[in-house]
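Chemist: Take a look at the following structure, please.
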Amino acid sequence: MTLTVFTALLSHWRRNWLQFFALIAGLALATALWSGVQAINAEARASYDAAAATLGEGQFDQLVPRAGGTVPQDTYVALRRAGWQVSPILEGRLDADRGRVRVLGIDPLTAPGTMAPVAMNADADLGAFLEGELVFANAETADRLEGQIPQRILIDEGIAPGIAVTDIGAAQRLLEADGQLSRLTLARVQPMGLPPLSAVAPDLTRQPAQDAGANRLTDSFHLNLTAFGLLSFAVGIFIVHGTISLAFEQRRGMVRTLRALGVPLRTLVVLTIAELVVFAVLAGAVGVALGYVMASVLLPNVAATVQGLYGAQVAGTLQLRPEWWVSGMAIALGGTAIAAAGALWKIAHMSILESARPRAWSVASGSGATRLGAVALGLFGLGAGIAIWGQGLLLSFALLACVLIGAALILPLMLRSAVGLAERLSTTVIWQWFWADTRQQVPGLSLALMALLLATAANVGVSTMVSSFRVTFVDFLDQRLAPELFVQIEDEARSAEVETVLRNEAREVLPLLSVETEIAGVPSDLFGVRVGPTYRENWLFLDRSGDVWSQVADEDAVVVSEQLARRAGLWVGDPVRVAPDVTLPIAGIVADYGNPLGQAVMSETLFRSIYPDQIATQFGVRTEDPEALTRILLDDLGLPPAAVIDQARIKAFSLSVFERTFTITGALNVLTLGVAAFAILMSLLTLASLRVPQLAPVWALGMTRRDLGRLELLRSVILALLTTLLAIPLGLLLAWVLLAYVNVEAFGWQLPMYLFPGHYAVLSLFAIVAAAVAALWPAFRLSRTPPSSLLKVFANDR
Amino acid sequence: MVLSVENVTKSFAGADGATPVLRGVDLQMQAGETLALTGESGSGKSTLLHLVGGLDVVDSGVIRVNGQDITEMDDTARAALRRSEVGVVFQQFNLIPSLTVAANIAFQARLSGRHDPTQVAALAKALGLTPHLEKYPEAISGGQQQRVAIARTLAARPRLVLADEPTGNLDEATAAEVLDQMLALVTETGAALMVVTHSQAVADRMSRHVHLSQGRLA
Amino acid sequence: MIARVLLILLLLPALAQAQGFAGLGTEADDFAVPRAGYRFDFPQDHGPHPDFRIEWWYLTANLEAEDGTPYGVQWTLFRSALAPETADGWGDPQVWFAHAALTTEDAHYVAERIARGGIGQAGVTVQPFNAWIDDWRMAGPSFDDMRLTARGAEFAYDLNLLAEGPLVFHGDAGYSVKSDQGQASYYYSQPYFRVSGSLTLPGGEVAVTGSAWLDREWSSQPLADTQSGWDWFSLSFDSGDKLMGFLLRETDGTSFSSATWIAPDGTTTAFPNGAFRAQPLDITRVAGRDIPTRWAVQLPERDVDVTVKALNPNAWMGVSIPYWEGPVTVEGSHSGKGYLEMTGYE
């Protein structure tokens, strides 16, 4: 009997292939979205890490020359022989015919941890590296170096663009810097009882590790991406729920008949579950594969090659990890279970005599929307309670969940209200009917519309978050890297000479004077700056009073970093003692992400009067032609290549990392909306057969099928528009909760939130277009319904 | 002449090719005339009604309603015809489920631009619908639903009223009552009424009776 | 002393899968190889031999505080050549690395250093004698009178070494055969150092005295391909006699043994394969491996039948190439103390 019944149950799908497709595709898409986001997140993290590893040895404290210039190799040996665990780094520019390359020389024997992700393998052994025979670079940099250097060049895409990593000895030869080093990194663990650094290397100064802030910045970014991964999953589950509910509604008749024929309810339920498990496994497999394809398509630099399938661990290649399969399948099965629970419950409790007519649409659903709205209000209340009294990361996520689910649940009520209002305001009979009919469609479409709501809200949220993150970071970079070149000289005696040359050749010269000091009990750097257009135009303040830079230039005020202000409990307007005899009010507060030290900025003239012995050895330089100026500095002044730093390249690399993130979020926008559109399409197709009895009387009373089709399309667009109008504030709320709440809980500081109305307009347009595209075919089908199908509604004897 | 049907044929596509349903039908109706159209199941009586009502198109022949040749009309013109020239009462599902009884009654009249609130009220009263005006169709009984359909048709004041088994789903007593009310109101407006039925009792109440057999009128 | 740890070879992935422990079984290539009948030339031979692939200065000391608390100290400097030559600067193919350890009954402190030759960070000179890497040093006016220092994050030591006996040559006058196929090394020892000085532990400074044993060995390919590890004993008996013995474990389960009996006056007797025997008695789970930490050791020709027991069974050297090394006590036909090294336990 079991087999017979199972066959009967399955026959439904054979005759409703579209629904079968919807179920499998819905589940597969939900799974794909989840696995894809997971993969993208993981790979994005990996590429950040690679960039961080080659660019910055920022995870370790560093010893740098106090007066700029280079570190003599003898100082390194002296430090080692005094017991200090330091490792040498030489960095400099190499002008190859096909472009400039930054050479980074390291000593792998003493380097703390893995500083450069250099992939050693059979044809790249450490011996050859130590002998100075190897250079590692990415393909583009390698191309620039090809034929220019005696070393063998090995491609490693994990290395930041424009950088070539080689042994310290080879770097000294390539850069003609024999016996010179740029800086030393300090191992975290040092032996006991060492002599003080100042005794061994008085010319070096210790620069603390930079990792704290920078890593927290990206960590917060990833946490937020993870949250949106979960959101994508929620969108998927709404779709699956919608599909399964509609499919089960349609099988009510079959279930009733089977039970009337004596099939026990238990058997039916068990078989239905078995059927769902089969579908979930099938769809899950398709979904994981889709997610893999999606991730590999989205990550152009990460080719998911055959190696991924065969388990070879190749850096920068997308891995087909078992966790993926497991989590993907779990999502498919779990999602199906959540989505089908209600439908199964209904079957289990359905009376044999109950009408087999699908009730997806029913005017009585008005009370259902009200009930959902009440639950939503409860969730909002709970969320407000968490927001006011709650603390901790977990509760922050609970707050997110309350907001999200609440918004989804209140959607039908809000749509009904909006459409009801439109109905009352409309005067012609057609429009009154249109709005009344639209209101009636809301329950049937509400699951698909909830998916659209969440998808659009997620897109708005992601867009806000990523853009805010980017604006913050780009501002920060602009502020700090505004000068095109950064010149650091070794010999204080040449300061004036260098400055004269720079003054003649550059648009603006910004000598940077600084001392390490303690301000308001916080270890800080005090800077003297030459206030000019660069500072006025590029520095952004978290808080300010009046024209900050003019006050600084007039020696009437100082600018301090957020860290200093917060730790010292000071804010704009408060006086702060920056030097033994100098107390000035704070005119502005600047963000200084990732710097554990405090920072205070005063005018150059004031600084020089306090510290007359300090001579500028660092200059920021504004120029239209950094290359020409660099040549002058190197050739005419004879500065070593390491003394001139091209800031544009550093900035460009940081930005290119963001661009990749943007490609990914852009693709996610399209995908989530695509999935939501799919949900709308499936709902409309499923509802199509139920629509005929609703539309036939209107047609019979004198409306053309074409008009009905047009109105059907318009209805979807209007519902999507209303949903989007709700989705924008919801997305902003989401972004706000993430940036202002989850971030604070996870990292202790708030990331400013910026609004991007243009993005939202485009996203709304996308959402509406997605809904319109989804509604196009059902509407077209309606406009081509043969009159005989419509007429069948009115008679029951043919 | 309200209606003139000349040599109309219609066939439907089926599993074994086209099945002819009407094989050349001729029929005329004058204003105020009431006509019962009877026939076996599948004899084509509903098809004829649909063709006359502009709900379907003929294969050949000519149908004129109020002198207009409706067989030459396009979709839009036929929709206009349905709005203002004819009124149709079906056996079931006549009403628009998303609108109230009042809105349903007024619907066609407003579409055709002949809406008169006084008349709607009078019709509702005459048909005993006044207490139900604010209800939705699913909340009232089958007999009441048919009365609403009749009220809606008459509120639009068409010259030709078509009814397809209007009392087919009702019990005998209700059916008689509904039929009485319909006949009284149609007679009052002077419209022509064509009723498709298989009930002799219904047919007997009409002024004229034609029988459709093998696709032809007997 | 047998080829000990050759970290750098493990860092060379090209050789990492080579035969034997830490790649000690690889071919000699262009490097020089030990020959029987070599005439040692001191003090030059106390210094490095860059044309050989590997070399070490390996000191172990059994020490005691005034209250009798036992301690063990290890100081080892290795030289590993990528090519049989030297050069100035970073390009020098001579790579140096070192291990220092301090063992108590319940703690074991380890530190490791790696450096390149050619830039002055590490090296060995002979007149005066100076072996150093970073701030770790074994140096003095002569090989018989030196000061030994090393420190890690949690420990340090500063010891004076004074030789009270002659150098001792193993095998055939310092030509020590390591397998039936003829792999060999140059190998001599100074087992007669008297030690005094201080240890710095997390709990504070401790004054200690005791004895130390310094091994010098160099070669280019001391192990056969089939040898997977070894168990090496340096034992000083209360009678004044000393015994150096080792087992080289073959991958097929057999072993190759060798021993040197050192009389109180420094005269030596070398014993061929099979004379020296060692059987594990107790196994301890250390760092996820099964390590024998109590042994039955026999040399029937000298009526030696003793039990050798680790002072601290957890004397695990968790360095780049990990191994076990620590002080031992001896009981049985003879009593005394010494050092035990075990490698190749996976």
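Positions of Cβ are set from backbone N, Cα and C atoms, glycine also.
So TrEMBL says this about it:
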DOMAIN    A:227-352  domain 'ABC3 transporter permease C-terminal'
DOMAIN    A:669-787  domain 'ABC3 transporter permease C-terminal'
TRANSMEM  A:225-248  transmembrane segment
TRANSMEM  A:268-293  transmembrane segment
TRANSMEM  A:324-348  transmembrane segment
TRANSMEM  A:369-389  transmembrane segment
TRANSMEM  A:395-415  transmembrane segment
TRANSMEM  A:442-462  transmembrane segment
TRANSMEM  A:670-692  transmembrane segment
TRANSMEM  A:713-739  transmembrane segment
TRANSMEM  A:759-780  transmembrane segment
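I would like each feature placed in context: is it buried or exposed, what are its neighbours, and how far apart are things?
Modeler: Taken as a whole, the domain 'ABC3 transporter permease C-terminal' (A:227-352) shows an average pLDDT of 70 in this prediction.
Same-chain residues lying 6 or more positions outside the transmembrane segment (A:268-293) and placing a CB less than 8 Å from one of its CB atoms are 2, 5-6, 9-10, 23-36, 38-39, 244, 255, 258-259, 304, 318, 320, 324-325, 328-329, 331-333, 335-336, 340, 344, 347-348.
Cβ atoms under 8 Å from those of the transmembrane segment (A:369-389) belong to residues 395-396, 398-399, 402-403, 405-410, 412-414, 416, 442-443, 446, 741 of the same chain, restricted to positions at least 6 beyond its ends.
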Chemist: For the domain 'ABC3 transporter permease C-terminal' (A:669-787), jot down how many residues DSSP puts in helix, in strand and in coil.
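Modeler: Counting residues per DSSP class in the domain 'ABC3 transporter permease C-terminal' (A:669-787), I get 103 helix, 0 strand, 16 coil.
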Chemist: When you look at the transmembrane segment (A:395-415) alongside the transmembrane segment (A:713-739), do they share 3+ Cβ pairs under 8 Å, ignoring any pair fewer than 6 residues apart in sequence?
Modeler: yes
Chemist: At a C-beta cut-off of under 8 Å, are there same-chain residues at least 6 beyond the transmembrane segment (A:324-348) that contact it? List them, or none.
Modeler: 27-28, 30-31, 34-35, 38-39, 233, 236-237, 240-241, 243-245, 247-248, 252, 255, 265, 268-269, 272-273, 276-277, 279-281, 283-285, 287-288, 291-292
